[in-house]
Amino acid sequence: MSKINKLEHIRNIGICAHIDAGKTTTTERILYYTGKSHKIGEVHEGGATMDWMEQEQERGITITSAATTCRWQDKIINIIDTPGHVDFTIEVERSLRVLDGAVAVLDGVAGVEPQSETVWRQADKYNVPRMCFVNKMDRMGADFYRCVEMLKDRLGAKPLVIQLPVGIEENFKGIIDLVKMKVVIWKDEALGAEYFEEDIPADMKDKAEEYHAKLLDMVVELDDHVMEKYLSGEEVTAEEIKRLISKGTISAAFYPVLCGSAFKNKGVQPLLDAVVDFLPSPTDIGIVKGMEVSTGEEKDFPISELEPFAALAFKIMNDPFVGSLTFIRIYSGKITSGTTVINTVKNKREKIGRMLLMHSNNREDVKEASAGDIVALAGLKDTTTGDTLSDIDQQVILEKMEFPEPVIELAVEPKSTADQEKMGLALSRLAAEDPSFRVSTDHETGQTVIKGMGELHLEIIIDRMRREFKVEANIGAPQVAYRETITKACEIDYTHKKQSGGAGQFARVKIIFEPLKDVKDLKDEDKIFVFESKIIGGAVPKEYIPGVEKGLNNIRETGVIAGYPMIDFKATLVDGAFHDVDSSVLAFEIAAKAAFREGMPKGNPKLLEPIMQVEVITPDEYMGDIIGDLNSRRGQIQSMDPRGNAQVVTANVPLAEMFGYVNTLRSLSQGRAQFSMIFSHYDQVPSQVADIIKAKK
């Protein structure tokens, strides 16, 4: 690849949206028009290039975010196609972490849907500049202006409309470019590859003028010189408008909104122009946060080829031909095949073997990669998602990624002894690929338990185990990942003493356990368990205090009510005692565990269950039955809103009550209603339900 691969020529973007908004189709069209794909792949025919796993082609949904490199004008665009199904939000989360910009695809009929909100919040968390593409403008009921309003109302976003649709529904034929003030019309017979510009027709002139004025009002605020020019009645040039749209997009002052129909091949080239004109290059982002290993100091590192090498591993994938592939985003410096780097999170050296540029599931070998690139490395031994690879002499750890807690679990058993060993290998490989998927062993039953983000998530894991690793397994019924917490503060003073000839063990700890105030948001890792030491005067020597924290952290995995992990509490070590000879880190670890066992029952412990935010879209006539059914599932209705000729019901419902809901909804609505759900928060289980759960344990 030639040296135009310079930082300002690169765009690392994600394409993210709600399931079925047409995201993969949009990506397919981008690959087609940038010359990467010689034939258009249709999702509903199971032929999309980006959806390369067998399950994806069967189900018509994108599960793993395939990374693809293509070119437009003189720019290189690295695209991560992310899944829109709620069970795969982890894929979205980790791709957003390494992107510089994103395109949010909205369904022109449905507008902002629950998963659109989730993705938007995730993009906010990583400060990803983005633009919106209102897709499916050719569909019955498509309403561009309503989508723009929903961006304001539902997401609190500040949309900047830079295009208007020409024609509605099946008569949609092009767009008005509000920067150039021209109409762009596509020729149907040329598969969208040919289009022409013309003057705005008289019947749309007023609307175009109105939106052009709104656009100018918003962008001139970013530049005093242009503002003066505008206010004094001088014309603001198209180049000035473009520069200011780019400036505002990168600073998240607003979000440009475009429209089109990817399926009907309209609006994709202007979307590509907008990606290269308005979304940031790595140099616009400028820095990446991290920690210098030698000093432990947090600092901002410049994104530059001239700096020492630093990259973040954001995805592991098993490729049937190459083996394990680790996708990395290089933030600074460069690497060549044969170089040795260090994984600073695990403190292990890794030798760089094959380096690949990926086009969906085709691959191109490269010998060198540098800052701004997204490449796949073959054969790394110890690197997992979220790890940093760094120059050996100047080591850094880049900002870590956070992964959500799983909310559902299943027991799996191999069907035969031959499957036993293969299953262990398969599950550990799949867990390395996907941090939101966990594997553990139930100590009481000896069963292997797999945990994930939803029924579909685990279904696909089991399917992959069968197809890719040829493992046959028996699957148990899904179980809810309950948690436990305390509701009042309690104090425990515990002494651990063991004397049996030779060296003994001695440790005394006095710990206050108290509930963390906000139980609601489990997404913030800090709220699960907080430990603090208030030891004064060396009652417990400094070197023993980590033993107390380690003991509590281990024991909290088995709560005191029904053995579920304990969360949302703080433990403060306030006093203690030690013995010069008999005390050790281990003795304090044992004392902390025993203090937990004795102290927690005094804190009025309660069971917590995951609550899901459920959104049901249904024709009017089934509303009553559907609401009645949600109420019977201990659901709390949050809102009911009309959307086109349908009703949207939003409710908070315990996950335990939602198993098999898809079949119930189908029969209640004769298959006409649809639903989606996302994890909302953990809440206390009502006492009569808690008794049943305890009895089952």
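All positions are counted from 1 along the displayed chain.
In case you wondered, yes, glycine gets a Cβ from its N, Cα and C as well.
Under the heading GTP binding site, Swiss-Prot lists 17-24, 81-85, 135-138, citing sequence analysis as support.
The domain 'tr-type G' annotation in Swiss-Prot covers 8-283.
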Within the domain 'tr-type G' (8-283) only, compute the mean pLDDT.
82
Three-state secondary structure, Ala17 (GTP binding site) (per DSSP):
strand
Taking 10 A as the limit, how many CB atoms besides its own sit near the CB of Asp20 (GTP binding site)?
20
Enter the number of other CB atoms within 10 angstroms of the CB of Ala17 (GTP binding site).
27
Take the Cβ of Met137 (GTP binding site) and count every other Cβ within 10 Å, whichever protein chain it belongs to.
27
